[in-house]
Structures are given as structure tokens and as C-alpha cells.
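Residues or ranges marked as substrate binding site by Swiss-Prot on the basis of sequence analysis: 47, 156, 232. According to Swiss-Prot, the feature Mg(2+) binding site maps to 85, an assignment based on sequence analysis.
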């Protein structure tokens, strides 16, 4: 697979002048839908990965192997660049190296490495951060492990919601100095916070869950925010649709009584049925009806 074009597309977003909303994607079908609808980039969040792969909440139970396998399936299904939430890199700095290598091979356009202490330690009721020195070590390891220089590596900090704005800026500046391609912040709620972050750094910014108070897209673009992640509604919508459909079937509804189902034309489109038909005809001499 030629992943470099996708990585170049993500880099173009980060070096551009506007703020884009990524599609929250989690499997091959959601990747294809997002690609068909014209999204510029997909975001494969950690919480979504846990739901899609394990059916569990986001408590750091997923393994690197499971994540990489899903990213590979998604990357093969559509040409959409996908930015992968690689959580804490699945261990220490040496584990981070392996994480980068596996996700790069799986076709990720980019990935984020964060400084949250994961999994949550015994007896801790609130999220904690690793030390700045350990965070720098992880970022250095990630950059060193990158085989394709076009792979986007983003340093992520959760300090704003856990410690302070000053700490978030200090960590971001350290990751910037290490050589990351962009900075990812969670917990940004106000314009003064974002103004301070933008003034103290020079790299493109990715925001996770920005508050409504700052989601003016022109303002975000002026502050170098190039990607703003606004939750993961698609998997929640899909879960409700499956629940309601199965509930109706369990209550005795006949197939013709079910509503909200994808039309045959849509199913043909998202499964790339026309491509499969052509290949069956060409290689097997079969006509699929």
C-alpha cells in the first residue's frame, strides 16, 4: 500500500490555513462513508477503538496488536488519511518505538502519543500525568522509530485538565523542541487558554473536545488549530440503531416493518460492490446478481 500520499494529505492539512473537522471512524465501513462524503481526515480515537474492538469503556484495556490490526483493516478499506490515538504508546519509551513501527506499517497517516499515566494506577481516583522527562523520552523514542519521514507524529498533553495551563505549555514546548509535527491539547475551554497556548508555541495545533465557547472556526484557524475533534457521534449513532433494530425484531417486528435500514444502493456503495462484481467477472467468470 502507498501510504505516503495519505500522510502527505495530513501534512497538507497541518500546514494549511483552515481548521478542519475530522470524521470519527472506527472500522472499514465508517472509513469508506467518511471518504465518500468528502472528509479530509479520519480520527480513530482511543475510546472508539475500545468500543469497536472490545465493547469496553476507555480504560486502557486494548492492546497494541488489536489496535494495529484494526488500523490496517481501516487503511486498506479507503484512501482517507487516518489519525490514530495511540494513547500512551502502550508502555514505556521502548514500547512507544514498537507502537510507532506497528501503526506505520498498518497505514496510519499520523498518530498521537500522550503524557497521561495509563493504565490508571491502583488507588488513584483522578487521572495523573507522567513526568515531563518521561514524556520527552517517549516523544524522542517515537520520532526515532519513524521509518517513513512523512508519518505525522503528534505530541499530546492532558495537563490543562489535570494540572495547569502553565504545565500544559511547558510540556508542549518540550515536545515541540523534540521535533513533533503538531501539538494535541485536551481540556481547552476558554479563549484565553487557547490564546496563551498559541502564543507560546509555533506548531500546528489539534484540539480534542473544544468547548462551544471557542468553536468559532475562523478564530480556531487564526490560532493555528488545524484539526478540532468534536466527539465520536457516529459510533454512538450506530449503537443506538443496532439496539433499536434488534429490539424491534425481539418484539416481533417483521423485516418489512423495520425502519432506518440502509438501502440496497447504499450497501452496494459502502461495500464497493461494483468493484467486487467486476473482479468476480474478470477473474472468476462469475456474474453476481
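Cβ atoms are placed via backbone N, Cα and C, with glycine included.
This view paints the features noted in Swiss-Prot onto the structure.
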residue	record	DSSP class
47	substrate binding site	helix
85	Mg(2+) binding site	strand
156	substrate binding site	strand
232	substrate binding site	coil
Cα distance (Å, whole number) from the residue listed as 'Mg(2+) binding site' to residue 47 (substrate binding site): 9
Distance, residue 85 (Mg(2+) binding site) to residue 156 (substrate binding site) (CA atoms, angstrom): 10
Residue 47 (substrate binding site), number of other Cβ atoms within 10 Å: 17
List of residues, in chain order, with Cβ under 8 A from that of residue 232 (substrate binding site) and at least 6 apart: 24, 26, 45, 47, 48
Chain-internal residues near residue 85 (Mg(2+) binding site), provided their CB is under 8 angstroms and they sit 6+ positions away: 43, 44, 45, 46, 49, 111, 112
Binding residues 47, 156, 232 (substrate) - maximum C-alpha distance in whole Å: 18
Other C-beta atoms that fall within 10 angstroms of the C-beta of residue 156 (substrate binding site): 27
